[in-house]
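Annotated in TrEMBL:
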type: DOMAIN; residues: 61-177; note: domain 'MENTAL'
type: TRANSMEM; residues: 20-42; note: transmembrane segment
type: TRANSMEM; residues: 74-98; note: transmembrane segment
type: TRANSMEM; residues: 110-134; note: transmembrane segment
type: TRANSMEM; residues: 146-164; note: transmembrane segment
């Protein structure tokens, strides 16, 4: 009796683990499928959120933003980092939405994503050399600046990685499709049509 209960509970635990594994696998697959869109959302929102936290609570107000833009200096101002991220994201998502399978596999999506990411990496790296070379904010503000630059650089690299993975996936799809088309030879098509005509 006790052995039967143990066996049932063991089966229940195994069934629960299998279900959990299946759900996690499906969630990861969904996240990978929507990775470009999720990455664009993160690239648009995260740098702006970090900057608004690092400056003042009223950073998102129109007056505060206009004052930051009017006093803009490439060497010290951080306002352009979220703007770079937003422009980069808009260009990448536009190219992604206009591309189909073949163009995703070896065309403009990977090339333009790589170009945008490399340009933004260069600009942000040059800016970081100016910002961190200048003496000034310490402690919390310096940590927020590090987080802002790190986030922007990581998201730029993330765009390239996601674009490369999508390119590889689409190439595999095209290869499988090509193999399937070539597997259907003209002789087999002729024999199928003759058999259907006889039937």
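Using the three backbone atoms N, Cα and C, a Cβ is placed for every residue, glycine included.
Bear in mind that TrEMBL entries carry predicted annotations, made automatically and left uncurated.
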For the transmembrane segment (110-134), distant same-chain residues with Cβ under 8 A (at least six beyond the ends): 74-76, 78, 80-81, 84-85, 88, 91-92, 95-96, 104, 145, 149, 152-153, 156-157, 159-160, 163-164, 166-167
Remote residues contacting the transmembrane segment (146-164) - C-beta distance under 8 A, at least 6 residues beyond either end: 35-36, 39, 42-43, 46-47, 50-51, 54, 78, 81, 84-85, 88, 92, 109-110, 113-114, 116-118, 120-121, 124-125, 127-128, 131
Within-chain partners of the transmembrane segment (74-98) [C-beta distance under 8 Å, separation at least 6 from its ends]: 36-37, 40, 43-44, 46-48, 51, 54-55, 65, 68, 104, 108-109, 112-113, 116-117, 120, 123-124, 127, 130-131, 134, 136, 145, 148-149, 152, 155-156, 159, 163
